[in-house]
Amino acid sequence: MTLASDTWAELLEGDGAHVWHPYAQAADPGYIAPVVAASGVRLQLADGRELIDGMASWWCAIHGYNHPVMNRAVTAQLETMSHVMFGGITHPPAVKLAKMLADLTPASLDRVFFSDSGSVAVEVAMKMAIQYWQAIGRQSKQKMVALRSGYHGDTLATMSVCDPVTGMHHLFGEVLNKQFFAPAPQSPFDGPCPESDMAEISDILAQHHNEIAAVIVEPVVQGAGGMRFYSPDYLRKLRALCDAFDVLLIFDEIATGFGRTGKLFALEHADVEPDLLCLGKSLTGGYMTLAATLANKRVSEGIDSGDAGAFMHGPTFMANPLACATAIASIELLLSQPWQRTVQRIHDELATGLAPARDLPQVADVRTLGAIGVIELREAVNMREVQPMFVERGIWIRPFGKLVYTMPPLVMNSDDVATVTAGMIDVVSRL
Ligand code: PMP
């Protein structure tokens, strides 16, 4: 029996018996959609219905699904070498991809450490920051400063730098490292950043810089911690503060990298260079699980000079050749198109399509940036109620908390964007 011929009921029965879904109860995960195929921007359900995917599979499938160029890249690499360990070995896809990433990101970031998920890329950056200070004899610098409303992953180390309220600190409090938290920037994306936005983080750095290894932020867009957009000016001021207090700066572009905000990387809005940069999600166009942490020479040469003599991390699937080959294909595919124009077109369509939501009493805010469209409600949605409503409308949208948002694949055409925004408004208006 092929997967595609499984019926809706069979799939859900099997799923209910053994599968544990994300952010869900094991035995009662709520509404689950059985998807048996995906092509273009459409997910095919087990009963034959199709959904237009407004989520790009948690923001990573920028080219949509079943793309012939991406498929060819996977199969070509599959016939050459699917996996090989990376300890003491290198291979063409890793070498080529590392060079591409070093060339596309700010010039100072010239060393690439591959891993297999965004959370691990952030953990690697945190470990590099701590090991850097150790290597140069400043062992006291081990803490991070993170922002409220920030999100950096679900592992124990990355949870410690997620927003302490919306994150999972209350569940894992004693195990998580205690970090410093500064307020989320209040300045809007298109405005300047007032000194008031910098006051508290400046105080933290002034008082505790001897304990602080790095500041970690998601540049310009705070994603899973609240879908907030803020002024690039904040990043320029933050860079100056980090320099003044001798603290490293980590940018987490796992959600924003590869075009989502209208720039290839969100840091380009500010023209600021971090010491460490984390990439994931769209790096492979959502085809394979791959992430990367890029470091500048200060960090890599600093760690090299230490007593440990090496950076101590090495995932089994590091630089997986299939994943690297798909990343190369994905980046080449993106850059071969007028992608900035596409993101601008999607942005304008999202802004127009979602604008009517402003008149709804249940809506607190509507905002758009790049290919991101957000409706913020006054109250959190009930997922069990809301998820099937989107499916009935023929679209796949997965809200969280008060946020009903879309980050569509960057290949979505105007008609499909209009269907997504109309469906979002329709569902929100019925809540
Ligand atoms: N950082 C950011 C900014 C993210 O958005 C995410 C995932 N939503 C992560 C880190 C974690 O990535 P992953 O889920 O691949 O571990």
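Using N, Cα and C of the backbone, Cβ positions are placed for all residues, glycine too.
These figures come from a predicted structure and were not determined experimentally.
Residues annotated as substrate binding site in TrEMBL: TRP58, TYR151, LYS281, GLY314, ARG398. The Cβ of LYS281 (substrate binding site) lies under 8 Å from the Cβ of TRP58, TRP59, CYS60, GLY118, ILE254, ALA255, GLY257, PHE258, each on the same chain and at least six residues away in sequence.
Neighbour list (THR316 (pyridoxal 5'-phosphate binding site), Cβ cut-off 8 Å, at least 6 residues apart, same chain): MET85. Secondary structure from DSSP puts THR316 (pyridoxal 5'-phosphate binding site) in coil. Residues or ranges marked as pyridoxal 5'-phosphate binding site in TrEMBL: GLY118, SER119, ASP252, PRO315, THR316.
Positions annotated as N6-(pyridoxal phosphate)lysine by TrEMBL: LYS281.
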Annotated binding-site residues ASP252, PRO315, THR316, ARG398, filtered by Cβ under 6 Å to ligand 1: ASP252
Collapsed DSSP category at SER119 (pyridoxal 5'-phosphate binding site): helix
Secondary-structure category, per DSSP, in which ASP252 (pyridoxal 5'-phosphate binding site) falls: strand
Cα-to-Cα gap, PRO315 (pyridoxal 5'-phosphate binding site) vs ARG398 (substrate binding site), nearest whole Å: 31
Length of the line joining the Cα atoms of GLY314 (substrate binding site) and SER119 (pyridoxal 5'-phosphate binding site), in Å: 14
Binding-site residues (TRP58, SER119, ASP252, PRO315), the one with most neighbouring Cβ atoms at 10 Å: ASP252
